[in-house]
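According to TrEMBL, the protein carries these features:
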DOMAIN    97-508  domain 'Ammonium transporter AmtB-like'
TRANSMEM  22-40  transmembrane segment
TRANSMEM  102-120  transmembrane segment
TRANSMEM  132-154  transmembrane segment
TRANSMEM  174-195  transmembrane segment
TRANSMEM  207-227  transmembrane segment
TRANSMEM  247-271  transmembrane segment
TRANSMEM  292-309  transmembrane segment
TRANSMEM  315-340  transmembrane segment
TRANSMEM  352-372  transmembrane segment
TRANSMEM  378-399  transmembrane segment
TRANSMEM  411-429  transmembrane segment
TRANSMEM  456-481  transmembrane segment
Amino acid sequence: MATYCVGDLAFMVDGTNSQERTYVCLSVFPVFAANYWIIIGGGSQFSLRKKESTNSRLEIPNERDRERDRDIQDLCKVLSGLTAADATITGSSDNQFLLSSAYLVFFMQAGFAMLCAGSVRSKNTKNILIKNVLDACVGAIAFFIFGFGFAYGTKEGKSTNEFIGNWNFGLQDFTDWAGFLFQWAFSAAAATIVSGSVAERTAFQAYLGYSFFLTAFVYPVVVHWVWDGNGWLTAFKDNDKLFDCGMYDFAGSGVVHMTGGVAGLMGAMIVGPRTGRFGPDGRVVAMPGHNASLVVLGTFILWVGWYGFNPGSQLAIIGSEAVVARTAVSTTLSAAAGGVTAMAINYGLYHVWDLIAVCNGVLAGLVGITAGCSVTEPWTAIVCGFISAWVIHGAGKLLLKLKIDDPLEAAPMHGACGAFGVFWVGLMAKKEYVAEVYSGAEKCAGVFYGGDGSLLGAQVVGVICIFLWVGGLLGLFFLALKKMNMLRTSPEEEQLGLDESKHGGSAYNMELVAPMPTEM
């Protein structure tokens, strides 16, 4: 091992093979020396492979060594001409990628808003929209003050905690602004899911309280378990992983969607159904949303946002181009398969080409693939979307059978499909793809790809624990609000519509204008 230093750059030369040596330097750039190609490797490693040459002097050891040294000097001259600012190119690209992904994920709030507005009756449009807006506002403050610290907070030199983070509250001693913004956008998505489950009959102040509680404490703890390197469920630590694998949830089928879906389920159960939703004989009374156009617009916005949600969860683009692109393809195929399958299910059962069902199928496919989008083969995403459409259909029917009213089917879509997505990874994760995304995962693969069941076991444990944690805490929270008569609006307000009773009038102010008289 020899070390060459030029300016701020250090090169460690390893190996005795004159045709190829490995060099390690501070930065990697796509340049080459006089007689060597630079072959980019992982991290900051790269190789210099000698070009083909007919120069016989290359066969003379002393001359070969001298030429190698000259080539290294040529390389150093090229790299030493680069400033410290040039060495930040890779970091800047990754930072911009993460910020762009955060913007896309936050734009999903607009998709949720349109989807929710179109799925409720017109008399409750303002109410559902202001809740969506305030999810982002309240969630930003709650996640800044408390949530991020509980999710990722660790003080240098202080003992870590596998259950919950314990530092960086208010972003104290923290400067990774892009990372915070990306994680906050995810927390806002988790909170917004619940608005659909409890729509059209929940008190406004109750919703604000729930939104703060979820983003400040409940959701961050789940994040710490799975995504922080110190969490007890995480796959991002070197040892002591659950079943030697940890839970694989790449972009949040369980962490984000199942958390929001289970919270919504608890809210829908405890607040009770909308007045008139179920007849005296138990018959389900249809209460369709008022604007299918808004539902479609919201679905497409969410689909676009998912390209920040899933590919963006790689957190970097340099060196991860293949993973990011494959993740985007899998995301697309699962959404497409979910939409087509939902259409087929509803036509087969009811002989109707149901637009709303297709939109829900697309979103179910997106939720289902979110956990495994980076570690499963793209063709399996089609199967994932197919099954996800059946999952949301079956879970929706089950809720109606139990007389649980979820106007947007948010609990079936995000809760049931999210749980299925986590389980799906334990079946279909490909070992080679797992090695690209997670370290130390030699035996961790889906059972259909040679896994020994350890990964599947970790996934099942994760689903159970998320359900118990979120369901238990949010159940108690909603029950406490109900006990204090703070959870539900009055029957009179519900009948009139929350827009008129709480928000100053209808969302649609359509004035009737008398026609102008015509001359005879």
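Heads up, the Cβ atoms here are built off N, Cα and C, so glycines get one too.
Using the rule of three or more Cβ pairs under 8 Å, pairs at least 6 apart in sequence, the transmembrane segment (456-481) is in contact with the transmembrane segment (207-227). Among residues of the same chain six or more beyond the transmembrane segment (292-309), those with a C-beta under 8 A of the stretch's C-beta atoms are 100-105, 107-108, 110-119, 185-186, 189, 251-252, 328, 331, 335, 355-356, 359, 362-363, 366, 370.
With pairs at least 6 apart in sequence, the transmembrane segment (247-271) and the transmembrane segment (411-429) have 3 or more Cβ pairs within the 8 Å limit; the two touch. Residues of the same chain lying 6 or more positions beyond the ends of the transmembrane segment (102-120) and with a Cβ under 8 Å from any Cβ of it are 128-129, 132-133, 135-136, 178, 181-182, 184-186, 188-189, 192-193, 195-196, 199-200, 289-309, 312, 356, 359, 407-408, 507. Spatially, the transmembrane segment (174-195) is not adjacent to the transmembrane segment (378-399); fewer than three Cβ-Cβ distances between them are under 8 Å for residues at least 6 apart in sequence. Same-chain neighbours of the transmembrane segment (132-154): 106, 109, 112-113, 116, 160, 164-172, 174, 180, 183-184, 187-188, 191-192, 195, 207-208, 211-212, 215-217, 219-221, 223-224, 227-228, 230, counting only residues six or more beyond its ends whose CB sits under 8 Å from a CB of the stretch. Same-chain residues lying 6+ beyond the ends of the transmembrane segment (247-271) with a Cβ under 8 Å from its Cβ atoms: 186, 189-194, 196-198, 201-202, 210, 214, 218-219, 222-223, 225-227, 233-235, 309-310, 312-313, 327, 367-375, 399, 404-406, 410-422, 425-426, 429, 434, 437-438, 444, 455, 458-459, 461-463, 466-467, 470-471, 474-475, 478-479, 482, 487-488.
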